[in-house]
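A short worksheet on the structure shown next.
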Amino acid sequence: KMRNLLEEFNTDHGLRRPTILGIREHVFTGSVSSLASFMSNQETSFVTLGQRVLANPLKVRMHYGHPDVFDRIFHITRGGISKASRVINISEDIYAGFNSTLRQGNVTHHEYIQVGKGRDVGLNQIAVFEGKVSGGNGEQVLSRDVFRLGQLFDFFRMMSFYFTTVGYYFCTMLTVLTVYIFLYGKAYLALSGVGETIEERAKIMKNTALTAALNTQFLYQIGVFTAVPMILGFILEQGFLRYQATGRGFVVRHIKFSENYRLYSRSHFVKGLEVVLLLIVYLAYGYNNGGAVSYILLTVSSWFMALSWLFAPYLFNPSGFEWQKVVEDFRDWTNWLLYRGGIGVKGEESWEAWWDEELAHIRSFGSRVAETILSLRFFIFQYGIVYKLHVQGSDTSLRVYGLSWVVLAVLILLFKVFTFSQKISVNFQLLLRFIQGVSLLLALAGIAVAVALTKLSIPDIFASILAFIPTGWGILSIASAWKPVMKKLGLWKSVRSIARLYDAGMGMIIFIPIAFFSWFPFVSTFQTRLMFNQAFSRGLEISLILAGNNPNTGI
């Protein structure tokens, strides 16, 4: 079949003869787990249906991997195979297709043969790979190759090229931003009372169209259609009712809780908790005519997205719900969280070193200003919620908002009192503990007096927590962006202490459900059967039996 493939160089494929013969890949690691199977099916849909359409009729297929056959003479006489600059050519293989197309080459696709390929089977490796590809697409926007292709293509070929390269990730970014705009819009309608007023007027005027627009319910999401090529490719390759049993097994290691937290904290966990806060605000203060069913239909996709961002890395973690591993993960995470950084300490060893690494990208004045502007959205929660408290009654003046900042300042002061470093105050241990005890008693007495003498209620206390947590995160984000200024003011240690508290809180929110489900042995068994094929699941269970009292042996 190789001879038949090479004969395609002499076959007419349009205006010019082929310079790159594209070949399909076969991902053979799909039998390891359900996650690897999904990625394998998605990859298969791209290397079969996707690349066929890209080659003909769209004529925008480039070079995406190792199987393709190159016309060596054509390429080495026109600038080389590919490009390998350290920064801009992250996805170096696609630049071979750019070079070939710009120099009047022709990229085709054939399926005489297929080349086997192993893909990553763990969620972390898949996420890092997807991050590399998306980062490579971001760098392609800055390259002169894409600029020249955009200028030289006709309109339809240019649009096809756009969506099959950088456009896909740009549209994904717009989709996520749309979710944020939708939820912040709903939160504004709920906190300001505008939503309730509009719906009441629409009911009086019998304007059903406006009511339907405000209570849009989603049974099917547009994002579901992104899986259609994978489903069609699966049916086309293996048949509609055909089932292929899997028998291979690979050892997939357990990822520690702290490692997952470091990898996904700022990219997924923070944003997932922000979405959860928005959904809780809309649940607590939104006006919904249809009741609980309407709220569920309106927000189920957002809840699913937020919970996926928070718990997917642990749901697809091998032996993630095994009690002994959960205990060891918690011990490892607390050691990492409390270990102080220093010179030569890596982010894998200390929270302080990791936090400094996470802030390393904020260097220029423009990046600090941008981070400050983006962090202002967290102050919306406090501004809206304080006017919904029972204690303020019908008062809508700015005095209420100002008093809320006074309360927040008192809370920060109490936090500093209780977290004051005892190493500095060795000679004042008794005085320090006396001050901490008096502060605790005064705080409890103040809350009790406020509940007894004013309209402050228990729900108001929880609402205040809901308001102050985003505000504190906004202050923390702005202070972290202006790190040099905070150091000059002598406030950097306080900022770092508050940041550690927030990370500890976020970690506990994620860890508690994992620990709860780990109490039930059948959850771990169900997860193993769900993730892996039958052979691997049986081997894992046997290894646990042989390990005796230490289920971590040999895994």
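Residue numbers in this text run from 1 along the chain shown.
Placement of Cβ uses the backbone N, Cα and C atoms for every residue, glycine included.
Quick look at what TrEMBL lists:
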DOMAIN    1-241  domain 'Glycosyl transferase 48'
TRANSMEM  161-183  transmembrane segment
TRANSMEM  218-236  transmembrane segment
TRANSMEM  269-287  transmembrane segment
TRANSMEM  293-316  transmembrane segment
TRANSMEM  398-418  transmembrane segment
TRANSMEM  430-455  transmembrane segment
TRANSMEM  461-481  transmembrane segment
TRANSMEM  501-522  transmembrane segment
With pairs fewer than 6 apart in sequence excluded, do the transmembrane segment (430-455) and the transmembrane segment (269-287) have three or more C-beta pairs that lie under 8 Å?
no
Give residue numbers and ranges for long-range contacts of the transmembrane segment (461-481): same chain, 6 or more residues beyond its ends, CB-CB under 8 A.
270, 274, 277, 280-281, 284, 359, 362, 367-368, 371-372, 374-382, 385-386, 388-389, 404, 407-408, 411-412, 447, 491, 495, 498-499, 502
Under an 8 Å Cβ to Cβ limit, what residues of the same chain, 6 or more beyond the ends of the transmembrane segment (161-183), are close to it?
54, 58, 60, 62, 94, 134, 137-138, 140-141, 146, 149-150, 153, 223, 275, 278-279, 282, 302, 305
Verify whether three or more Cβ pairs under 8 angstroms connect the transmembrane segment (293-316) with the transmembrane segment (398-418), leaving out any pair fewer than 6 apart in sequence.
no
Would you mind listing the long-range same-chain contacts of the transmembrane segment (293-316), meaning Cβ under 8 Å and 6+ residues beyond its ends?
33, 35, 122-124, 179, 182-183, 215-219, 221, 255, 257, 260, 263-264, 268-269, 271-273, 275-276, 279, 282-283, 286, 509-510, 513-514, 527, 531
Mind checking which residues reach the transmembrane segment (501-522)? Cβ under 8 Å, same chain, six or more beyond either end.
257, 261, 265, 269-270, 273, 310-311, 314, 320-323, 326, 330, 333, 337, 351, 355, 415, 472-473, 476
Express the predicted model's confidence over the domain 'Glycosyl transferase 48' (1-241) as a mean pLDDT, rounded to an integer.
82
